[in-house]
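Database features (TrEMBL):
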DOMAIN    46-463  domain 'Major facilitator superfamily (MFS) profile'
TRANSMEM  87-107  transmembrane segment
TRANSMEM  113-135  transmembrane segment
TRANSMEM  183-206  transmembrane segment
TRANSMEM  218-240  transmembrane segment
TRANSMEM  260-279  transmembrane segment
TRANSMEM  307-326  transmembrane segment
TRANSMEM  338-359  transmembrane segment
TRANSMEM  365-382  transmembrane segment
TRANSMEM  403-425  transmembrane segment
TRANSMEM  437-459  transmembrane segment
Amino acid sequence: MFGFGQRKAEVKTTAQPVDQQRDANVDTLVNEGATVGKTNWKNLIPVIACGAGLFSDGYINNVIGSVVTILDREYQEVWRNSNAKKYVGDIAFAGTVVGMLLFGYLSDKWSRTNSLLVSTIILIIFAALAAGSYYKGDAVGMFNILTAWRFFVGLGIGGEYPAGSVGCAENTGELKSGQRNMWFILFTNSMIDWGFVIGAFVPYVVSAACHNGHLSTIWRTSLGIGVAFPLVLFVLRLFVSEPEEFQKNSMKNARTPYLLVLRFYGFRLFIVSLIWFIYDFSAYSFGIYSPKIVANIYPADSPLTTIFGWNTVINLFYIPGTMLGAPVSDLLGPRYALALGVFLQAIVGFIMAACYSSLAQPGRVAAFAVVYGIFQSLGELGPGNNIGLIAAKTCATGIRGQYYGLAAAVGKIGAFVGTWVFPYIEAAGGGDERLAAQYPFWVSSSLCVLSAVLVLFCLPHIGQDTIQAEDARFRAFLEENGYDTRQLGLRKGEEIGELGEAEGAEEVSIEKKVSPAQ
């Protein structure tokens, strides 16, 4: 096998089966190469800078709901008869899918940090342009311009997923072992959920300041405030360097062996993508109950402050699950945390579907809201917190951006598919309103159970040093199949051992044959 001058760990193979010997070799590499880590502000800043940009995803995607409500009141029939009404809320998701795929490639083949900076610049520019949308004083033209800018805003948001989340995962390796999953979640999924809350709260505050008048000022200000957070984050990201694992194992200067990647990670990528697809697909039906709650609380012609105030309360349902669930991922491991969340969510979903006729009554709105809140929180404790973590830690560094970006894009496509499919599922209930509301939840809750089965039986254990272990296993697999691993890393042509010595570290190579990931 290729040695390339590295120091090798001598391994006796006669006493152990190949798989056990392989695991022993990987453990040796991880134990010698991994650092204990320390959680302090110096080590947390790169984690925050890389992951926290997902706050913009939550904010921008949620605030548009309030903007649509205001546009409907301000322009009435002009807005209702426009094509923009059909697309302005969802067009950002299309841009997000494109951004995930594009920046997934760029983050692997160019740079984690530079990809982040570019996506942040796109987000800042087009979020500002959306807030200032204008077209020669024509309302319909302005709607179309707003829709176009929203696509590019989505492009910037899409870049945050592969470039930001994978960088966040790689930087958690510098933190204290036993807390790494928690910090990843707090600065990725929790940021999205807080973005949802702030995206609902800001229109409430602006509406209150405008006394529910000056409608154009309310929606433009609400969109414009979305520029502030990525602007601050951009400054912070200027001082972030490439993650250590990316420096060692990047394929920036190497040919990516996609056929070998598919052999090694194809099945695993399919399972991760499928779980993400199911999660986003099901989220559509879960969201249909929010309007039911709202409709029972206030009439349609209520002041904007009332509408946006209750919208803020409903979005707060996400917070307990993501915040309390973050340490659970370290305690149980991401697989078991996800399985626990979706299994409990399925139980609550079945109960909500079965008892819908009793719960969906104006006099029982408080009870329904509490059950719905528990349901939403369990979704965050399970797949909300852990699917991104699993995607970021179940592949090697050299292809992590593309792996993560593809899985996340499939998830977003699941949301689109759910948007088209669930109306047909509801229609299967015929004219019975009870059945029309129940059927989506029977389907979605069943899919929750399927997700639990997939994550438990089709994905590997994810520990505190899984990133290092995956890099070791993938490197050994490449060498076994004749790939020159001296190409890996940011210093083209240098061996991993030479790179490690330059940084004051020693690496142990693996010569044993590694089977494809399962």
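In case you wondered, yes, glycine gets a Cβ from its N, Cα and C as well.
Remember, TrEMBL labels are computer predictions, not curated facts.
Just going by CB pairs under 8 A, the stretch in 113-135, 365-382, 437-459 that sits most against the transmembrane segment (87-107) is 113-135. Against the transmembrane segment (113-135), stretch 218-240 has more CB pairs under 8 A than any other of 183-206, 218-240, 365-382, 437-459. Against the transmembrane segment (365-382), stretch 338-359 shows more Cβ pairs under 8 Å than any other of 183-206, 218-240, 307-326, 338-359, 437-459. Residues belonging to the domain 'Major facilitator superfamily (MFS) profile' (46-463) score a mean pLDDT of 90 in the model.
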